[in-house]
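The next block holds one structure in the form of structure tokens; read it before the comments.
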Amino acid sequence: MDEQNGAKKTSESKQQLEVFEIRGDHFPITHSQTCNVVTRKSKYYVTLGSEKGNTQRSKRALAYGPTPEWTESFVIKNIREFIIVKIYQKHSMGKDTLLGEVKEEIASLKSILRSRTETTNISDAHHWTKAKSLTLSRKNAGDLLPILSFRFSITEQENKDHRNEPAINLPVDQNKPNDLLRSDEGNEVLGDNHITKAKETIALTATRSEPGTPTGPSSMSESKATLVGDDEMKDVVSAAQNALLTLRKKTSPTSQIASDDVDAVGDAVGSIIPVAESVGTLLDKVGVFVDLVQRMAEVHPYAKLAWAVLSVPFTMLQAQIERDKKLKELAQAINGAYAILTRLQSAQNIGAHYQNEIVTRLVMHTMKCGTFICEECSKHQSFVGRAATNFISLTDVRMKEFKDGFDDLRRELSQAVTVEDLLEDQRNGATVRDLAIHTLHYVDGAGFVPSKACLQGTRTALIEDISKWVKEGTSASDSGLGPKPTGASLFWLTGFAGSGKSSIANTIAEKFSVGSDRCLGSSFFFDTSKSVERRAEDIFSNIARDLAGFNPEFKNALVGIIANNPDLKGTSSVRRQFEQLVLEPAKKVAFPGNVLIVVDALDECGCDAEDERRDFLRILCSRSLTHRPSANDTSIASQVPNISDLPSNFRIFLTSRPEKEFEDLFAQSPNLTRRDLQEELAEQNIVDINTSGSEGQVDVDNDEATENLGYFRSVLGRVLCVQDPLNISDLQSLRPQEEDESHTKFFLEHMGSLLSGVSTNEPIRAVHTSFRDFLFDSTRSGKYHIDPAEQDQILAEACLRVLNEQLKFNLCDIQSSYLAHDAERVKDAKAILRDGGSGVLIYASVFWSNHLAKTSYNEELAVLLHTFTEHQFLYWLELLGAIGEIYVAWGAMRTLIEWTANKNNKLSEFGKDAQKFISNFSDVIARSPPHLYISALPLAPRSSLISQQYLSQFSGILDVQEGKQQSWSPIDRTFGDRGDFETKDITSITYSPDGTILIAVAWTGLVWLWNPSTGQSIASFAGFEKSHARITEISPDGRYFAIGSEEGEIVLHDMKTHAVLWGPESVGGGKVSCIRFSPDVLFVCAGTEQAYMGTWDVATGAKLGAGADPGVQVKLHSESGHYMTISQDTTLVACSPSGESLVLFSHDDGSRKWSNRREIATFTERASCLAFSPKRDRLVSGQRLGAVKIWDVRSGNQLFDYHTQHTNLISALAFACDSSFFLSSSEDLTVQVWSGAGAPIGKALSTSGKVTRFIAIAQDAKSFATSGNDGSIYIWDRAVVEQSSLLIAKQDSQLPFPSIITISEDAKHLYGACSDHSIREFDMESGAEIGPPIRGHRSTINHLAISPDGSQLVSCSSDQTIQIWDIKARLRACDPLEGHTSFVWAIAFSRDGIRLLSCSGDQTIRIWDTATWALIGEPLKGHTDDVRAAVFFDNAARIVSGSDDLTLRIWDAESGDQIGEPLKLHHSLISAIAISLKEDIIASGYFDGVILLWDPSFMGSTLEIRHTLYHGTDIVQSVTFSADGTRLLSASTDNTICLWDVSTGNLIGKPFEGHSGQVNRVLFLKASGLISSSDDGSIRIWDIEAKSLEPKSEVDLQASFPRIDRDGWVHSDDDPPKLLLWLPPHYRPGFQWGRCRKVIGCEPVDIDFSLFQHGDDWAKCMKPWNN
């Protein structure tokens, strides 16, 4: 009965046909109508249908050209009789046409399967049909009929469960497994590792194929469990499904989201084919893999999910991938891995265990990568479009990890493919030598294609010339360099895209591949669409295998090389491949004739690593590269092998576009013959145009022809000299006044073969740069020559004329000043201009100065410029802001200054003032162009020429009544990635030699590249994968930059590409604290804070000098080397071990061994930084208490010792390159300029409340940069700095600002600790200073406290002392209290005033008797780091303290004992402590912005935290309870103050904003007010509730726009905020707004808002008669 059922089941089984790949040949091509040598590839798609009429169409990208391929899977079920394959030609317009069809009977296909299985003894069910001619739908014009074949399999379908299909058997002869791997002489030719792998593979495959081995469902299920049954795979699959579902919900165009998550994921996975179409070739190999594994039950469902979760986000990001280097590299790595995978011969091969394991890991890695990208797209809107800002740099690290993972898997798969190739070769009876050769990677299909050769009878003269060269090589006359060179000859054929280069290459390759002339050794055709497979890393292994087939002796030599170097099989090194696979065997072989190698489309060469592409180009460059690299040379110091080392009978035929990179590369090649296809075509077209008129032929020598030539040069000159391509209409607008409008169109419409866009309204551009080169070269173009200088003069005049005639106020119709001008509004502004016929204004506004820079001074242009500066300048800035191009304005003014230098003083002075205006306000204009008029213009300094010129034309703007800025600030511009100090603090900055790039390293380890002229970000990336970058240095030639890490490592980067050239290399323990390149850029030195030093060869990364062994590290001394610097000539190192002495090390003998130690001095005041002068004759040391000491290096004598310029720790020192001056910065928030001789220039300038960490001086010494601790970078004008310093010194007008305050009990007197270490008293009512300053401290005053009886003022300082002052007498009441051995951070009285406590960086707390000021008992010890704050409580019986050790501790004030265990309530440093008057609640503030409210009566495990308050993310500097204990004030380094409800923990109202620096203290003033002090130099008195005597309109404004952010914008509380106005830094300290009712300590600012027009009315700001 079972047998009958089985027979019945078999008879009813259904057949399934699967087609895996379809190939065509001899398909028609279409000829261009303009030139019959240029062809256009036709586009085709395919359909498959059965006898039942079921039809499937190819869903992937269209196939192109005469040899189309479709590599996708077609499954036709229930097929019985035949299949019809139809080919359609795709048309961009009109209906697609049927080219032809092929019909195959199923019986015939089965016969093919049976016959080939019997012949090859392999049960592989995939085979190719014989190529068949298409039955054409219409007569073919060509000689050859199109043919078609396809690869297929047929299965009997009984069940949809693929696990019931039989396992794949690959029979292997196990009797002689080792013979496969040995040569005839018995030598192993593959290497031990490969032999082991091959043996394991053969044994494994044989075991799986042994007769009787179970192959049914059970065995397959077991395999599946092994592969994908583990928990990790389940987790990965679940995460991928969730990520895909979330992304679909986020991006769904409708609100209808499937309720069933499984269905939603299924929908996404099911949509992979349409997604594949949209992604195109970006991830094409992943899609091919999905088709390939349709039959694999183990992998199939996860492969489709992997494809879906990867392709969906990549589709969203497709547009930005070309702009985003990291995304593009990741996509290429993915494609690279899957490209190797698809080389496996069949889906069954992937089923082999050793391969299936790799494939499973690849699928899992793909799902993880796709999950990550889906999540980023879902979570962060900024991820989409990230290339525009490049701000998501930490994400780049993860993407690199995924890229590296795909690269590793690609290498593993490549090895697996090699093993599979060995097995296939064994089955086919390959020889031992064949097997050795076949271990080399080979790219199929990269050779020449005869059908792509030139049409018969075309290009005959050129082909004959090339053929002659193949036979004779490069002659001395060709090279033009004297005697005939040795080595291979190179023929370089150049031409623009579509000029026929590839056709000629195919023709030459075909011609010399057969017959008596046969000498083709190899051909390799690069192709952009196949850049993943055809890379620089592939070409020489292909050439080696081709040459092995061309010459048996070469094969023998190659086999021996592989045997001795088994790792060559997998190397990606282009240099090694050329040296060992091509050059070495070629030198061992005597070729009987010439050897031709054809390389096509060099410009389309792909690569995985830029270094490999660079090596490939060096090899093609047939010249010796032993010289030291120059700034413009890509060579390296060591000998680079190249084609000149090949035998002289080698011929290299190369084609490419004539790109500058290649022009430079081959410029000095002695073996070169060069032909350019462009020149022939260009000259013919030009002659045709200039000998034709509307009436027919004209005489080229008559007057009309001469006039035509002039117009021709004018029109073509505009096309070729504009900085950005323009359409015909815009080109007409820029014509000279004497030229007729019709000329532009007349000349251009005949240039379609050389210019693109002439028949449309698209921008017109040369098809290739060689056309421009031809016309610009007078020796080549003759009478058609175009003089670029003449054209730039014409274009400069035309641009200025357009600006003067067309610019006007609010040209882009901006509706509101409240709105930020985003990318969409920029797009709208450009559309308004173009739609209004003013598109040429965009070009003229951006590029007029580019043309001006290329002309000489002349009065005609000067007149136009006067009109522009006097009438149109502001409208120009407004337009640039509207179209998103404001940052070109500064460079335009620089051009104006240079162009008018010593020629036109008025224009020159205007340009200088305009540069200041642009530097200060460009960010404001970029964010909201209307604020050019309503914020920038009224707040510009009185001395500004622009303010004087234009202010009177506007009436509805702000009117500064008091506190107006008089002159420009020394700071030109501020930019950076700003935020809290813990994440944004900058640890290093440096200028490039040309001043165009500023590199900054942030505390997070991010490396930022900025344009210092505009403040725009160029790039950012993580400096190290496993550590944080801390310091950077740029080489003197600007080609490299080095980065040092926190873990003592150094890496070298390429300045242009930012790629890592070598590293990380270990310097030693501790973070890298100094880096210096040698002047000749041969080596780079680095030192660490633990005094380790190392030196490396820049070119190779090899360690040099003493300790050249990578395992040996050189340590200069045993103490800390944190303060270390290297002289500019790298012969001296200066250290200050532990900051206590000054020591020099040198290596004058050239050994780079730092052997000579010389101690110059010991310090009582510790050093904090060091700097050599460029001439290394002076050494400057900055001290912790603010002194600057200058030393003579030769003698070691101290030359100068300055103690008064700075009053706090010196944070940075920097010399100008010419030694003309140096700079110092200090934690007293000032910068000082010094002469080169060592004298201070004027007085130190304020840094506006910002601590300057580092200084970098531009090489031209005209500007310098400083970095703030919030991530800000400031660019200073050195000349203005010196002027301001001298002016302040003369007027003595700079008041040292108070930053720490306290107030008397009656709130009538205010005491402030100032930056000059003095204490000043102010009258609270008037704000006036009372009496002379109180002086006594030698360093920063950290805290002030007034005794409860109001008679004494106590101060503590970083000078380690506590001072007691009699308030009435204004004198010191007793000697300073000493005993602390580090900074004294805080002091506090007991409530009864009997005791005072102090806490210090020495980790102790001391208690003092206020009657005698004697120390009571021993210091309280227990904390393990600085004690920042402490207070008495419980009637002064106990003390609570907070420390940098993250703990709070309770102490017995009498015994000094610690009570209980330390309290670790939060994972951050404790910065402030306060206790309520009732002592029932304590507030502790932390470095991360958290404030905890807790009850001190419950200790230990029962401690109760009542509330957790979140001030922000910056340091909480101060906490203070109100007298009734119901409210709490907190102040932070984020410039804000918060008021809290103690009972609920809620914020009361909005934060108090107005300070432009960190807020250090905040105190209550009775019940209705508060007072605060800040590093911005101001003391502010606030009303808790808003009260104002201002006019109602201004009160309403303040209520509607209550916020002031750290960038100076006054705005609303909306999201997004409405922008009211922007305050320059000068105005911020004294500006009163909202609840602020008084400012003390700085000049007040009074602004009249009564006429202010803003919002929708902003355009009314201009006086009517000026509009």
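The chain as shown is numbered from 1 upward.
Heads up, the Cβ atoms here are built off N, Cα and C, so glycines get one too.
Whatever TrEMBL says is automated annotation, not expert-curated.
Counting residues per DSSP class in helix, strand and coil order gives 76 helix, 20 strand, 42 coil for the domain 'Nephrocystin 3-like N-terminal' (486-623). Look at TrEMBL and you will find 486-623 tagged as domain 'Nephrocystin 3-like N-terminal'.
Taken from TrEMBL, the feature repeat 'WD' applies to 986-1020 (among others). Long-range Cβ contacts of the repeat 'WD' (986-1020) within its own chain (Cβ-Cβ under 8 Å, at least 6 residues beyond either end) map to 389-391, 393-394, 887, 890-891, 922-923, 973-977, 1027-1034, 1036-1038, 1041, 1043, 1046, 1055, 1058, 1253-1260, 1263, 1265-1269, 1271, 1273, 1275.
For 1160-1201 (among others), the entry in TrEMBL reads repeat 'WD'. When the repeat 'WD' (1160-1201) is classified with DSSP, helix, strand and coil residues number 0 helix, 24 strand, 18 coil.
Listed as Cβ neighbours of the repeat 'WD' (1203-1235) (distance under 8 Å, sequence separation of 6 or more from its ends, same chain) are residues 1168-1175, 1180, 1182-1188, 1241-1257, 1259, 1261, 1264, 1266, 1276, 1278, 1281-1282, 1285, 1315-1317, 1339-1340, 1358, 1575. Sequence annotations record features per position, and here TrEMBL assigns repeat 'WD' to 1203-1235 (among others).
Under the heading repeat 'WD', TrEMBL lists 1255-1277 (among others). Counting residues 6+ beyond its ends, the repeat 'WD' (1255-1277) has Cβ neighbours under 8 Å at 916, 919, 968, 970-981, 983-986, 989-991, 993-995, 998, 1000, 1002, 1010, 1012, 1015, 1212-1218, 1220-1221, 1223, 1225, 1231, 1247, 1606 in the same chain.
Beyond the repeat 'WD' (1334-1368), the same-chain residues lying 6 or more positions past its ends with a Cβ under 8 Å from any Cβ of the stretch are 1184-1186, 1207-1208, 1227-1228, 1300-1306, 1311, 1313-1315, 1317-1321, 1374, 1376-1378, 1380-1389, 1391-1393, 1396, 1398, 1400, 1408, 1410, 1413. Residues or ranges marked as repeat 'WD' by TrEMBL: 1334-1368 (among others).
What TrEMBL records for 1377-1409 (among others) is repeat 'WD'. Under DSSP, residues within the repeat 'WD' (1377-1409) fall into helix, strand and coil as 0 helix, 19 strand, 14 coil.
Tertiary proximity for the repeat 'WD' (1420-1461) is limited to same-chain residues at least six positions away from its ends with a CB under 8 Å from its CB atoms, namely 1382-1383, 1385-1386, 1388-1392, 1394-1395, 1397, 1399-1401, 1403-1407, 1467-1475, 1479, 1482, 1484, 1496, 1499-1500. Annotated repeat 'WD' per TrEMBL: 1420-1461 (among others), in sequence order.
Note: the repeat 'WD' (1463-1495) comprises 0 helix, 17 strand, 16 coil (DSSP; helix = H, G, I, strand = E, B). What TrEMBL records for 1463-1495 (among others) is repeat 'WD'.
TrEMBL lists 1509-1550 (among others) with the feature repeat 'WD'. Long-range contacts of the repeat 'WD' (1509-1550) within its own chain (CB-CB distance under 8 A, at least 6 residues past either end) are made by residues 979-982, 1471-1478, 1480-1481, 1483-1493, 1556-1564, 1567, 1570, 1572, 1574, 1576, 1582, 1584, 1602-1603, 1606, 1613.
Residues or ranges marked as repeat 'WD' in TrEMBL: 1552-1592 (among others). Residues of the same chain lying 6 or more positions beyond the ends of the repeat 'WD' (1552-1592) and with a Cβ under 8 Å from any Cβ of it are 1229, 1246, 1248-1250, 1295, 1297-1303, 1307, 1310, 1312, 1322, 1324, 1514-1515, 1517-1518, 1520, 1522-1523, 1527, 1529-1539, 1598-1599, 1602-1606, 1608, 1625, 1628-1642, 1650.
Residues 1123-1129, 1131-1132, 1134-1136, 1138-1144, 1207-1219, 1222, 1224, 1226, 1228, 1232, 1234, 1236, 1238-1239, 1338-1339, 1358-1359 of the same chain, all 6+ positions outside the repeat 'WD' (1160-1201), place their C-beta atoms under 8 angstroms from a C-beta of that stretch. Long-range contacts of the repeat 'WD' (1377-1409) within its own chain (CB-CB distance under 8 A, at least 6 residues past either end) are made by residues 1342-1343, 1345, 1347-1349, 1354-1358, 1360-1364, 1415-1417, 1419-1421, 1423-1432, 1435-1436, 1439, 1441, 1443, 1451, 1453, 1456. Looking just at the repeat 'WD' (1420-1461), the mean pLDDT is 95. Shown for the repeat 'WD' (1203-1235): DSSP residue counts in helix, strand and coil, namely 0 helix, 18 strand, 15 coil. Taking H, G and I as helix, E and B as strand and the rest as coil, DSSP gives the repeat 'WD' (1255-1277) the counts 0 helix, 14 strand, 9 coil.
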